[in-house]
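Structure record follows, encoded as structure tokens.
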Amino acid sequence: MVEDTASVAALYRSYLTPLGIDINIVGTGRDAIESLNHRIPDLILLDLRLPDMTGMDVLHAVKKSHPDVPIIFMTAHGSIDTAVEAMRHGSQDFLIKPCEADRLRVTVNNAIRKATKLKNEADNPGNQNYQGFIGSSQTMQQVYRTIDSAASSKASIFITGESGTGKEVCAEAIHAASKRGDKPFIAINCAAIPKDLIESELFGHVKGAFTGAANDRQGAAELADGGTLFLDELCEMDLDLQTKLLRFIQTGTFQKVGSSKMKSVDVRFVCATNRDPWKEVQEGRFREDLYYRLYVIPLHLPPLRERGEDVIEIAYSLLGYMSHEEGKNFVRFSQEVIDRFNSYEWPGNVRQLQNVLRNIVVLNNGKEITLDMLPPPLNQPLDRPSVSKLIEPKAMTVSEIMPLWMTEKMAIEQAIEACDGNIPRAAGYLDVSPSTIYRKLQAWNGKEERQKV
């Protein structure tokens with residue numbers, strides 16, 4: 001890692017620690033070039049602005065002597081033009097600082113995996129860390145398998161899931177595992193761009209196309225040529241622009257705003273929404289023909305409340321680098337906090353968990369996260385269903401006595417129903433871990449199948 005700011009280098013080291021890689025940090029371009037005489041790295045993370053030379057100078061020197069070493073640029077002074085220039089001169093990717101942990105891990109993990117030809121995480125989706133994701137639950141292993149299966153295809157992928165579940169991380173994982181992984185990944189958030197600017201953001205514009213268009217500008221479609229175009233929150237796109245997008249998908253050609261010339265590109269489409277896309281079609285907010293064009297391989301990201309013990313795995317990973325970043329000493333959670341995390345519904349999903357832990361780490365001190373440190377609403381008592389609603393006591397005859405496992409099964413099923421199908425929440429009320437319920441349900445299903453035979 002070539003980074004002249006020690007605190008930033010330490011932060012990014014903590015982000016990458018879960019990947020289990022050896023990181024050597026230098027502060028100048030000259031030291032970076034000199035270090036190659038002693039050891040050839042699998043990857044170089046390179047700051048664009050250094051005290052003795054530019055990142056572009058370092059890139060040229062490295063590529064001259066070691067052309068196969070992948071380089072990823074990092075800069076707080078990024079622009080689209082700089083990104084394009086860096087990619088043109090051999091940079092594998094381009095990250096804008098401050099860089100989020102998930103984005104950095106996905107990019108670095110993929111670059112190293114491709115450079116060394118080792119596909120440990122892709123070949124073993126049961127690992128706790130997979131392409132930037134954290135978690136080994138059954139629901140996430142199905143996501144990993146879908147990514148592995150779909151990555152090599154050019155077919156469009158439609159990612160659905162609640163806000164905060166990691167849809168952009170998923171899109172980057174698909175791109176990273178694909179044959180286009182060394183080509184650009186360009187993301188555009190359809191909900192964050194004003195209606196009158198989104199066409200220009202997507203297709204670009206020529207000088208004088210509208211007030212303020214002082215120069216020609218490339219759009220996301222052109223920048224993604226050869227790679228992946230990620231359309232986030234696609235269902236927010238205006239119907240008129242959906243028509244132009246459909247034509248672009250069908251033909252691979254588009255016109256810049258203000259231009260009559262057609263441009264042709266080769267991109268792989270990945271899109272995402274936190275809505276039900278078919279419901280949007282039925283209610284007239286999303287074109288049906290566009291839906292069928294894009295909804296080729298559906299991929300649903302489960303909400304955090306359905307990921308069982310992943311909650312605690314993610315929490316520990318976040319706690320590690322947040323404590324390091326903030327200069328704190330937190331290393332563990334109390335059992336009460338673990339139980340509360342497992343029982344909470346997490347309506348904001350992983351993003352909410354990140355914010356909760358950031359709040360705790362910044363405002364408190366110690367080695368253990370305790371219940372009194374939790375911010376609202378996690379510090380409020382759980383709204384437990386009435387026991388009388390779960391099990392109605394009644395007298396029974398000898399003929400009505402059931403095996404103990406069936407009685408336990410009935411109690412657990414009623415608790416799950418009372419919690420609207422939320423197994424982790426039901427587990428919290430029953431004072432057992434979610435994995436215990438999953439294991440029992442699997443065993444009971446096997447017993448019932450044998451009884452049928």
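Each residue, glycine too, has its Cβ placed from N, Cα and C.
Swiss-Prot has this to say about the protein:
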- 1-112: domain 'Response regulatory' (DOMAIN)
- Asp47: 4-aspartylphosphate (MOD_RES)
- 133-362: domain 'Sigma-54 factor interaction' (DOMAIN)
- 161-168, 224-233: ATP binding site (BINDING)
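Taking the C-alpha positions, the distance from Gly161 (ATP binding site) to Asp47 (4-aspartylphosphate) comes to 34 Å.
In three-state terms derived from DSSP, Lys167 (ATP binding site) belongs to a helical segment. A straight line from the CA of Thr228 (ATP binding site) to the CA of Asp47 (4-aspartylphosphate) spans 24 Å. Taking the Cβ of Asp225 (ATP binding site) as reference, residues of its chain lying under 8 Å away and at least six apart in sequence are, in sequence order, Pro184, Val265, Asp266, Val267. A separation of roughly 28 Å, to the nearest angstrom, links the Cα atoms of Leu231 (ATP binding site) and Asp47 (4-aspartylphosphate). Every protein chain considered, the tally of other Cβ atoms within 10 Å of the Cβ of Asp47 (4-aspartylphosphate) stands at 25. Between the alpha carbons (Cα) of Lys167 (ATP binding site) and the residue listed as '4-aspartylphosphate' lies a span of roughly 27 Å. The residue listed as '4-aspartylphosphate' falls within a strand segment according to DSSP. A C-beta separation below 8 Å, combined with a sequence spacing of at least six in one chain, links Gly164 (ATP binding site) to Leu304, Gly348, Asn349, Val350, Arg351, Gln352. For the domain 'Response regulatory' (1-112), the predicted model reports an average pLDDT of 82.
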